[in-house]
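Here is what Swiss-Prot records for this protein:
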- 5-195: domain 'Glutamine amidotransferase type-1' (DOMAIN)
- CYS82: active site, nucleophile (ACT_SITE)
- HIS169: active site (ACT_SITE)
- GLU171: active site (ACT_SITE)
- 196-387: domain 'GMPS ATP-PPase' (DOMAIN)
- SER223, GLY224, GLY225, VAL226, ASP227, SER228, SER229: ATP binding site (BINDING)
Amino acid sequence: MKKGGIVILDFGSQYNQLIARRVREMGVYAEVVPFHEDVDKILAREPKGIILSGGPASVYAEGAPSLDIKLFQNNIPILGLCYGMQLITHLHGGKVARADKQEFGKAELELDDKNHILYKNIPNKTTVWMSHGDHVTEMAPDFKIIAHTDSSIAAIENSDKNIYAFQYHPEVTHSQHGFDMLKNFIFGIAKAEKNWSMENYIESTVKQIKERVGNKQVILGLSGGVDSSVAAALINKAIGRQLTCIFVDTGLLRKDEAKQVMEVYAKNFDMNIKCINAEERFLTKLAGVTDPETKRKIIGKEFVEVFNEEAKKIEGAEFLAQGTIYPDVIESVSVKGPSVTIKSHHNVGGLPEDLKFELLEPLRELFKDEVRKVGRELGIPDYMVDRHPFPGPGLGIRILGEVTKEKADILREADAIFIEELRKADLYNKVSQAFVVLLPVKSVGVMGDERTYEYTAVLRSANTIDFMTATWSHLPYEFLEKVSNRILNEVKGINRLTYDISSKPPATIEWE
């Protein structure tokens, strides 16, 4: 970690990444680490402040996540959020219990200390976001209440020990002045300095890549997605044609994707790119397979084999570059208790054993919005930088059931129309992810005077901040009608279209 930033201890909160992003938006470096990180390792980072995240546990329960009390003995400013406030109270001799009236959602915060530095320029009453079933019932000695709601103690402090805490979540947008409250802690109490910008990141990363790689060769699997594209541009800036990108056309890509990627990089960068057409190979392996997990494994295994074959042809290649980003790293760290690994990400710890390369991950400290900023700084066109996420297995998991060339071609055309219309209506950048799913279901229709018996497709569009929870996009009816008319009239093979209005949870954004 860069020294002099903010350390966020993760107790299993769904908002831990959001806290870090909020701090970084202020121009201050923030890093998320597991709550059980060794205190000496935390102190070695020389943090200006420490934030304790929320979490789903109860501090009084057996085996609940806790902290080494030593952390509170160094006079480093500490801010506890939700579970963090309850833990601070519990460890300092106060009491926490199940609340008779639990608080989930918006609540009115009233300040007890209007002049407190945390509430500088904050009105006496404001709306905050609560999400807790436990509450503080008895204050710890030497702590005082600085804000409350109708049903709970909402903020506390022990200024002598430099410890502060909120029962609510200032990091979420529903907390009206939450960003300013965090800002007051970061700059007013922790005295952090602005030390984080994408311009500085590019400069320092280019220098590090040059020093580490020297005159050796680097290979990178270019997918056309944002992360691998930005990683390629950043490494190319550092070492030029010592980088070779391998683009594998699996036959499961979006319409004209291979052509677009090759054109963008030919026009904007002096870069070695090998485009491998492996469509027939992938579709042959997928023939007859309907189980989604099996499809994922086949596509992943085949991709590695194709990549491996091509990588061996590049003389002097000692580094394998990947577009791993910070959320991949956070989600792949095993945290005891509440945050057991959420998922083993394909970019983290997933190297095949026979690929004897050193790993180069120039984006592993960045969130997705920061990756996009770096991409723009490096000259990647907006339409590439702002592309919606596309899964590694591609259309293989957007075609439910068996994958065939016919189905892939049908889905490609339908998806291209949906995306084209979203762009025309200036809606593309207002939704987080949009795509079409092809179902293994046929239904009767009428085209002209003839009966048809063709596939059903689904439009899926979701809005989200962190992709861990999501709502369906409330697209205008007139827009949906236009998309429906175009797909049903222009795409041979689809005669029925539906719109997915499921939120995550309980559904996921992708169908497989």
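Every residue, even glycine, has its Cβ placed from backbone N, Cα and C.
Excluding the listed site residues SER223, GLY224, GLY225, VAL226, ASP227, SER228, SER229, the same chain places LEU222, VAL230, ALA231, GLY323, ARG387, PHE390 with Cβ atoms within 8 Å of the centre of the ATP site Cβ atoms. Taking all protein chains in view, 22 other C-beta atoms sit within 10 angstroms of the C-beta of SER223 (ATP binding site). On the backbone, the CA of HIS169 (active site) and the CA of the residue listed as 'active site, nucleophile' stand 7 Å apart. Non-local neighbourhood of SER228 (ATP binding site): LEU220, GLY221, LEU222, GLN322, GLY323, each in the same chain, at least six residues away, with C-beta under 8 Å from its C-beta. According to its DSSP assignment, VAL226 (ATP binding site) is helical.
Using CA atoms as reference points, the binding-site residues SER223, VAL226, SER229 were checked against the residue listed as 'active site, nucleophile', and the closest is VAL226. When the recorded positions GLU171, ASP227 are compared by the number of other C-beta atoms lying within 10 angstroms of their own C-beta, ASP227 comes out lowest. Sequence-distant contacts of GLY225 (ATP binding site), defined as residues of its own chain at least six apart whose C-beta falls under 8 angstroms from its C-beta, comprise GLY323, ARG387, PRO389, PHE390. Listed in sequence order, LEU222, SER223, VAL261, VAL264, GLY323, GLY375, ILE380, MET384, VAL385 are the same-chain residues at least 6 apart in sequence whose CB falls under 8 Å from the CB of SER229 (ATP binding site). Taking the C-alpha positions, the distance from GLY224 (ATP binding site) to GLU171 (active site) comes to 32 Å. In this structure the C-alpha atoms belonging to ASP227 (ATP binding site) and GLU171 (active site) are separated by 25 Å.
Around the Cβ of VAL226 (ATP binding site), the same chain contributes GLY323, LYS368, VAL371, ARG372, GLY375, MET384, VAL385, ARG387, PRO389, each under 8 angstroms and 6 or more positions distant in sequence.
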